[in-house]
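In TrEMBL this protein carries:
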type: REGION; residues: 104-148; note: region 'Disordered'
type: DOMAIN; residues: 174-223; note: domain 'PHD-type'
type: SITE; residues: Tyr176; note: site 'Histone H3K4me3 binding'
type: BINDING; residues: Cys177, Cys179, His201, Cys204; note: Zn(2+) 1 binding site
type: SITE; residues: Met187; note: site 'Histone H3K4me3 binding'
type: BINDING; residues: Cys190, Cys195, Cys217, Cys220; note: Zn(2+) 2 binding site
type: SITE; residues: Asp191; note: site 'Histone H3K4me3 binding'
type: SITE; residues: Trp199; note: site 'Histone H3K4me3 binding'
Amino acid sequence: GIENLPCELQRNFQLMRELDQRTEDKKAEIDSLAAAYIESVKNMVPEQRVEHLKKIQSAYSKCREYSDDKVQLAMQTYEMVDKHIRRLDADLARFEADLKDKLEGSDFESPGSRSLKKGRSQKDKRSSRGRGRRTSEEDTPKKKKLKGGSEFADTILSVHPSDVLDMPVDPNEPTYCLCHQVSYGEMIGCDNPDCPIEWFHFACVDLTTKPKGKWFCPRCVQDRKKKK
């Protein structure tokens with residue numbers, strides 16, 4: 001949760017500060033070794049020169065190692081903050097969509113038959129939308145695997161299409177449908193267990209409500225026809 005973010009940031013910044021201090025100590029050691037080498041290089045035998053230069057080289061390698069660790073830690077910190085920002089953006093978009101639906105549902109016309117008719121149409125619209133929306137864990141898109149074989153542990157959040165287009169796309173977030181976009185809005189799963197895509201946005205497959213019975217995506221329908 002986001003409540004743990006400040007502690008995680010503080011820990012990462014503390015580690016980066018320690019790496020900075022180790023780097024500065026190594027730089028001071030390198031300066032000292034270099035000064036000692038320049039001062040006494042004329043009196044050294046070749047074996048002593050090689051040994052001294054190896055010490056300097058080892059110190060440089062350790063300094064570079066500390067710097068690489070700091071860069072990796074900074075990248076992890078950035079990705080952690082970006083992940084929380086994207087999750088908050090998705091929650092905000094979903095909240096705004098729910099609020100808009102509630103406002104539309106309470107926006108009646110003048111009293112009488114027209115008002116009653118409009119209220120019913122809004123109720124039917126919401127109930128129809130509810131039937132097509134992915135509400136249970138069983139209906140959510142299955143977690144896709146990366147090339148390395150690891151699974152995403154985060155649940156895909158439903159957001160409005162326009163909000164998804166406005167947000168930056170995480171290259172590691174799984175994509176679905178014929179449009180190769182992330183999960184959002186109302187989606188339907190193909191009943192073919194071997195379907196390579198599995199989940200599709202309603203708009204991309206010309207659906208407005210969830211159809212009765214089994215449903216197959218356009219690609220699987222073509223493959224079934226070819227087999228026949």
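From the backbone N, Cα and C atoms, a Cβ is placed for every residue, glycine too.
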Open item on the list: As a quick check of your reading of DSSP, tell me how many residues in the domain 'PHD-type' (174-223) are helical, how many are strand and how many are coil.
Closed with: 9 helix, 8 strand, 33 coil
TODO: May I ask for the distance between Met187 (site 'Histone H3K4me3 binding') and Cys220 (Zn(2+) 2 binding site), taken between their Cα atoms and rounded to an integer number of Å?
DONE: 17
- [ ] Mind checking which of Cys177, Cys204, Cys217 has the fewest other CB atoms within 10 A of its CB? They're the binding-site residues.
- [x] Cys204
Task: Fewest Cβ neighbours within 10 Å, where candidates are the recorded positions Cys179, Met187, Cys190, Cys220 - done: Cys179
Task: Trp199 (site 'Histone H3K4me3 binding'): tally of other CB atoms within 10 A of its CB - done: 22
Task: Close recorded positions near Cys177 (Zn(2+) 1 binding site), where close means Cα within 10 Å, chosen from Asp191, Cys195, Trp199, Cys220 - done: Trp199
Open item on the list: Neighbour count, 10 Å Cβ-Cβ cut-off, for His201 (Zn(2+) 1 binding site): what number do you get?
Closed with: 19
Task: Asp191 (site 'Histone H3K4me3 binding') as reference: those binding-site residues from Cys179, Cys217, Cys220 with C-alpha within 10 Å of it - done: Cys217, Cys220
Task: Least buried by Cβ count (within 10 Å) of the recorded positions Asp191, Cys195 - done: Asp191
Task: Using Cα positions only, nearest of the recorded positions to Tyr176 (site 'Histone H3K4me3 binding') (Cys190, Trp199, Cys217, Cys220) - done: Trp199
TODO: Using all protein chains in view, find how many other C-beta atoms are within 10 Å of the C-beta of Tyr176 (site 'Histone H3K4me3 binding').
DONE: 22
Task: Spatial neighbours of Cys217 (Zn(2+) 2 binding site), counting only the recorded positions Cys179, Trp199, His201 and Cα distances within 10 Å - done: Trp199
Task: His201 (Zn(2+) 1 binding site) to Cys190 (Zn(2+) 2 binding site) - Cα separation in whole Å - done: 11
Open item on the list: Quick check for the class: what is the C-alpha distance, in angstrom and rounded, between Trp199 (site 'Histone H3K4me3 binding') and Cys179 (Zn(2+) 1 binding site)?
Closed with: 11
